[in-house]
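For reference, the structure discussed in these notes is given below.
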Amino acid sequence: MGKNVVVLGTQWGDEGKGKIVDLLTQDAQVVVRYQGGHNAGHTLKINGVKTVLRLIPSGMLRPNVTCYIANGVVLSPQALLSEIKELEGNGVNVRERLRISLACPLILPYHIALDKARETHMGKSAIGTTGRGIGPAYEDKVARRALRVGDLFHRDRFANKLTELLDYHNFVLTQYFKQPAVDLESLLDESLQWAEELRPMVCDVSACLHEHRKQGENILFEGAQGVYLDIDHGTYPYVTSSNTCVGSVINGAGFGPRYIDYVLGITKAYTTRVGGGPFPTELLDDVGKRIAERGQEFGAVTGRPRRCGWFDAVLLKRSIELNSISGLCVTKLDVLDGLEVLRIAVAYKDRDGNILSRPPLAADDFDDLLPVYEELPGWQESTADVTVMSDLPANARAYLKRIEEILGIPIDLLSTGPERDSTITLRGPFL
């Protein structure tokens with residue numbers, strides 16, 4: 001009997017999901033992306049070679065794994081084909097093992113133009129999007145006007161829908177944002193090439209997944225971004241445009257909730273965030289700079305520097321509740337090597353001195369909150385590339401044990417470096 005495992009980020013993304021998904025695919029036959037778009041970069045480092053995947057599931061680097069892009073993903077044909085060719089240039093056989101949902105909404109050039117125009121227009125109030133058209137594409141989906149992958153294979157239907165849709169979006173671009181219009185004819189010509197290249201890879205992903213399930217194969221669902229970027233449960237409005245919580249597997253891949261066996265939450269041993277929005281434990285001092293430098297905290301897709309701070313157990317507790325997380329994987333423990341003191345936020349305090357054990361639901365409500373910290377001693381020894389728990393420094397083990405105690409959940413995996421083998425496995429999700 002196969003097992004179905006979900007891997008998702010418990011913070012603001014960039015937790016190291018790509019490496020862990022790649023590691024776990026040694027026990028999986030299928031890997032599925034079920035939400036987000038090419039705004040998420042999953043970084044893998046195998047035998048010293050770094051690979052950044054944006055749309056294609058991280059299981060693609062395992063030759064016997066079938067990968068799916070499900071209907072919850074907004075798909076840029078241009079970005080996908082570019083990524084396929086990049087991997088093929090490195091000797092990876094992509095097209096025979098990648099399948100794409102006919103129901104994926106398309107990201108087209110006008111979505112990107114709208115995204116960039118809006119961010120420029122908002123100035124200092126900008127959300128800090130990646131400018132890749134993700135939000136506008138999801139807007140079209142919710143407004144029931146999106147073009148989907150399946151439309152590409154019906155030329156007249158696609159042209160009629162695109163003409164009407166482009167008329168609307170070009171009006172907004174030119175009249176409101178004062179930006180150039182997107183050309184219809186060139187987009188139609190480009191779409192012909194997309195259709196030809198994508199046709200062999202499309203399918204009904206939900207139906208395929210249930211066939212894999214019935215055959216007893218292990219399926220791994222790979223989340224993008226993190227819980228606090230969720231459009232409903234994140235630090236709204238500083239969020240992404242999709243649901244990043246575990247429930248997105250159900251809608252975004254057409255996979256029933258009772259079939260999910262295990263949810264693995266990925267968290268860094270500290271906290272990071274990209275772009276604007278609240279960040280209670282953010283460090284603006286030399287410690288924050290040191291963590292950023294040691295952790296090489298720059299966005300895999302955008303290259304933007306990440307904000308760094310202490311581990312926030314208040315946020316993690318809510319992540320665990322929202323996603324019924326079975327166990328945690330703590331990443332980048334080695335980044336904390338050499339620090340004299342470590343801090344864990346165990347609560348927040350408002351301006352009146354009231355102690356809050358849960359994060360607020362709106363971004364503005366974080367403004368007057370300060371973290372309440374618990375201090376623990378650091379360690380001077382290196383934890384890099386350690387693969388046995390007992391070989392970790394005593395204070396590192398104590399730090400991890402305290403996280404388990406505060407959160408009430410086990411740490412099942414521990415990452416001590418970017419390579420596949422730099423991992424401590426305490427309990428495997430597929431066991």
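Including glycine, each Cβ sits where the backbone N, Cα and C put it.
Not measured: the values here are computed from a predicted model.
Quick look at what Swiss-Prot annotates:
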type: ACT_SITE; residues: ASP14; note: active site, proton acceptor
type: ACT_SITE; residues: HIS42; note: active site, proton donor
type: BINDING; residues: 13-19, 41-43, ARG306, 332-334, 415-417; note: GTP binding site
type: BINDING; residues: ASP14, GLY41; note: Mg(2+) binding site
type: BINDING; residues: ASP14, GLU15, GLY16, LYS17, ASN39, ALA40, GLY41, HIS42, THR130, ARG144, GLN225, THR240, ARG304; note: IMP binding site
type: BINDING; residues: ALA300, VAL301, THR302, GLY303, ARG304, PRO305, ARG306; note: substrate binding site
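The candidate set comprises the binding-site residues ASN39, THR43. Of these, ASN39 has the most other Cβ atoms within 10 Å. When other Cβ atoms within 10 Å of the Cβ of LEU333 (GTP binding site) are tallied across all protein chains shown, the result is 23. Using a 10 Å radius centred on the Cβ of THR130 (IMP binding site) and all shown protein chains, the other Cβ atoms total 22. The least crowded of the binding-site residues GLY16, GLY41, GLY303, judged by other CB atoms within 10 A of its own CB, is GLY303.
Neighbour density for LYS19 (GTP binding site): within 10 A of its CB lie 25 other CB atoms from the protein chains shown. Annotation: ASP14 are the recorded positions among ASP14, GLY303, PRO305 whose CA atoms are within 10 angstroms of the CA of THR43 (GTP binding site).
The Cβ of GLN225 (IMP binding site) has 27 other Cβ atoms within 10 Å, all protein chains considered.
Counting every protein chain shown, the number of other Cβ atoms lying within 10 Å of the Cβ of THR416 (GTP binding site) is 26. Annotation note: GLN225 (IMP binding site) sits in a coil segment as assigned by DSSP.
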